[in-house]
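First comes the structure, then the notes that go with it.
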Ligand code: PEP
């Protein structure tokens with residue numbers, strides 16, 4: 001089974017609509033000929049509509065960075081799946097470590113958000129990963145098992161292959177520290193084995209990304225690992241040149 005690599009940029013809380021437009025004008029010509037790779041941008045809510053319009057007809061898909069699980073209701077400040085779908089947003093990143101750390105995102109909530117997003121027709125990137133302390137204590141697999149089993153608990157087995165998992169060691173996010181290719185491959189293969197516990201056929205379809213200080217100069221070796229199906233890119237996704245260089249490394 002060959003899985004098309006996915007390179008997804010996570011802008012976090014960066015870029016006004018004007019800055020996002022400038023980025024996309026720089027990006028589109030650079031990625032137009034990159035074959036055999038899917039490209040996504042995870043942008044702030046305020047830039048979603050503009051980015052959907054500006055990337056229409058291109059290879060770039062637009063994702064949100066969070067959503068609520070309910071269809072509607074008294075949830076001030078939240079956004080539903082239907083609101084994203086109405087804008088023609090393609091997908092959503094769920095469970096990023098920054099949302100878990102700063103905004104109390106829990107595996108329990110993700111167990112509801114992930115199937116709610118899928119049921120609305122949104123693609124999902126589910127982020128998982130261990131802290132430095134958990135890795136040092138030998139708890140990496142325990143953490144990944146818990147996050148993946150709970151996050152995917154209510155996803156119907158036949159839809160598991162549609163999910164994208166981003167393995168992001170928290171100690172490597174925004175720090176300049178990068179997992180070794182062995183650490184990345186081992187953890188990503190372990191994530192795939194966890195999906196395979198439910199369905200080995202679906203696990204072969206599931207794309208599993210590495211995230212954590214991926215840059216143009218380390219992307220190729222990480223992406224060459226057999227189980228690494230792409231990257232979730234933070235800092236290096238803010239500039240069209242560095243982001244497109246990573247896309248080229250995956251193409
Ligand atoms: C991220 O935000 O998911 C991420 C991987 O960030 P960075 O590439 O900056 O480490």
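Here the Cβ of each residue, glycine as well, is placed from N, Cα and C on the backbone.
Just so you know, TrEMBL annotations never went through curation; they're auto-generated.
Record note: TrEMBL gives 10, 11, 12, 213, 234, 235 as substrate-binding, and the candidate from 36, 57, 174 in that site is 174. When the neighbouring Cβ atoms lying within 10 Å are counted for each of the recorded positions (12, 96), the highest count belongs to 96.
The least crowded of the binding-site residues 10, 213, judged by other CB atoms within 10 A of its own CB, is 213. Checking the binding-site residues 11, 174, 213, 235 against ligand 1, the ones with a C-beta less than 6 Å from an atom of that molecule are 174, 213, 235.
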